[in-house]
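What follows is a set of notes on a single structure, which appears directly below.
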Amino acid sequence: MAVDTEKDSVQAGSPMETPGSPVDETTEPVVTSKTWIVSMILSCGYGLSFWPIPVVSAIGTMISADMGDPTGYIWTLCKETNPIIGMDYLDHLCFLDLVCFIGHIVVASAKSTNQVIAGLVVSGFGGANCQMAAFALPELLPNKWRHIGVVIADLTVYIAVIIAPVTARYGYELGTWAWNFWGVAIFQGLSFFGLLFLYHPPKHPLGIPYKEAFKSLDYLGAFLFIGGAVPFLMGIVWAGVYDSNDVHVVAPLVVGAAVLVCFALWESFGKLKYPLTPTYVFASSWGRDFTAPVIALGVVNMFYYSSSILWPQMITVFYTNGGADWKYSVILSLPQGFAIFFGAMLLTCFGSKLRHWHWQLTGSVFVMVVFGSLLGIVTPTNKGTMIAFIFLSQAGFGWALYLSIAITQMGVEHKNLGVSGGISGCIRFAAGAVATSIYQTVYSNSLAKYTAIYVPSAAISAGLPESKVTDLMAVVSQGAAAMKSYSPAVVAAAEAALSQAYCKAIFVVAMVSMAFGILGLAACLCCKDVDSKMTNKPTIIRRD
């Protein structure tokens, strides 16, 4: 992709004059001011589309409760839907900013959880496709800056991760939470106009006219993919609400999985002119070019969600008196966002110096997995240690995430960059949805299990009659205020036992996340080094 009016402004003979000209690797590449402006607009469009995620994560449960639907928040966390349909052929990103703009307005004006969910679905559709900025932006720059381009694409996301939880909580407490969406809608609209006037995608490398592209799209494949992915993800969400053997869980999971198998068979044996997921992309170099790094990308994203679930729970349960000290809770939420930014900056500054990209990916994933798994040794008193572990784990995540995206881009030919982006985005967000459901289900089940083990025996030892254990269990998770009818000794014993149950539940989730992390490490070891592709040459095709 490129800014089509920029060609005349590039210095004659510069390394970026034409994509096919020989490139002097000893000369630093020239990138014009318009390219940087468009790069920043692309970054803003993506980051602004991501803003609702940390906002909803911070205050979604409270908003749902205030609107009279305490369980509605479950669906607000499942908004990112990344279609791969035609992303290799239809790639003008300004339209997606407009979609996000509409979604933000719907949420900001919401009077019910259903309207919030509807708005998040709209903005999620646009936002999941806005993540194509991670592919559109780096190809404007020389290949050796590919990892830096991915970091720049997420630059506004860092701001969202760090600031949005703060503005969300303050906005909720002050009754102005909707401005988290009104404000973002304004800037998303400005991003739309910026891309509309300054960014013009080049001709597709396959030379396919838009009319032919629409005719040649794999509509049956798209139908099968959507028809399988939607019920499958619904089943995963229901697993956090119903028992695992309930029809609400089993039926959509089975139907969704069966349809996805049909989708895979259709893509593999359908003899399609332009398949959504070309098999040769996955099979290249026995999967080492693209399949291994995209698996690593999905697992890295899965590991992020374990920390995003465990750390807020630890803050609420152990460090802020059940969330009563919400200002201190906001402060404790900052290390995670700053750590991701720090890891991304380390990649930007040292990636090209260290080279050996596949070993960088392996090392950063190793750091993420080790320190993320060590969150499982939490106690109510080791706050400093946990802050250090969450920072180190998320710094590893920041390095690994953007490097894995860059390596997936390098694993395909330029003509398949849209396919790579669509598949990578689908796997990234689907893995996140699966991980979120697994972690939440494991956490809630483990907490219930260990609460039933530790609390009754502790309370009885403190003098509680066995006949009152059932009544105590009904209110123990609501805090000391709900246990006023019990003696101080019983309350203290019950709270200590409940803290122990929380520690055990967190440990189990940390071990589950470690299992995923080991899978990610195996995928990293299978990746190929892309150093030979890190050249001064940009992967762009300009309009003539």
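Each Cβ is built from the backbone N, Cα and C atoms, and glycine gets one as well.
Lifted from Swiss-Prot, the feature list:
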{"type": "REGION", "residues": "1-28", "note": "region 'Disordered'"}
{"type": "TRANSMEM", "residues": "36-56", "note": "transmembrane segment"}
{"type": "TRANSMEM", "residues": "90-110", "note": "transmembrane segment"}
{"type": "TRANSMEM", "residues": "116-136", "note": "transmembrane segment"}
{"type": "TRANSMEM", "residues": "148-168", "note": "transmembrane segment"}
{"type": "TRANSMEM", "residues": "221-241", "note": "transmembrane segment"}
{"type": "TRANSMEM", "residues": "249-269", "note": "transmembrane segment"}
{"type": "TRANSMEM", "residues": "290-310", "note": "transmembrane segment"}
{"type": "TRANSMEM", "residues": "330-350", "note": "transmembrane segment"}
{"type": "TRANSMEM", "residues": "361-381", "note": "transmembrane segment"}
{"type": "TRANSMEM", "residues": "387-407", "note": "transmembrane segment"}
{"type": "TRANSMEM", "residues": "418-438", "note": "transmembrane segment"}
{"type": "TRANSMEM", "residues": "505-525", "note": "transmembrane segment"}
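Ranking 36-56, 116-136, 387-407, 418-438, 505-525 by CB pairs under 8 A with the transmembrane segment (330-350) puts 387-407 at the top.
As a quick check, the transmembrane segment (249-269) and the transmembrane segment (221-241) clear the bar of 3 or more Cβ pairs under 8 A, pairs 6 or more apart, so the two touch. Here the transmembrane segment (505-525) has Cβ contacts under 8 Å with residues 292-293, 295-296, 299-300, 302-303, 306, 309-310, 313-314, 358, 361-362, 365-366, 368-369, 372-378, 435, 438-439, 442-443, 446-447, 450 of the same chain, all six or more residues outside its ends. At the 8 Å Cβ cutoff, the transmembrane segment (221-241) and the transmembrane segment (36-56) share fewer than 3 close pairs (sequence separation 6 or more) and do not count as touching. The transmembrane segment (418-438) shares the most Cβ pairs under 8 Å with 290-310, out of the stretches 36-56, 290-310, 361-381.
Within the same chain, residues 134, 138, 146-147, 149-151, 154, 293-294, 296-297, 300-301, 303-304, 307, 311, 332, 335-336, 338-347, 351, 357-358, 360-361, 364-372, 374-375, 424, 527, 530 sit at least 6 positions outside the transmembrane segment (387-407) and bring their C-beta atoms closer than 8 Å to a C-beta of that stretch.
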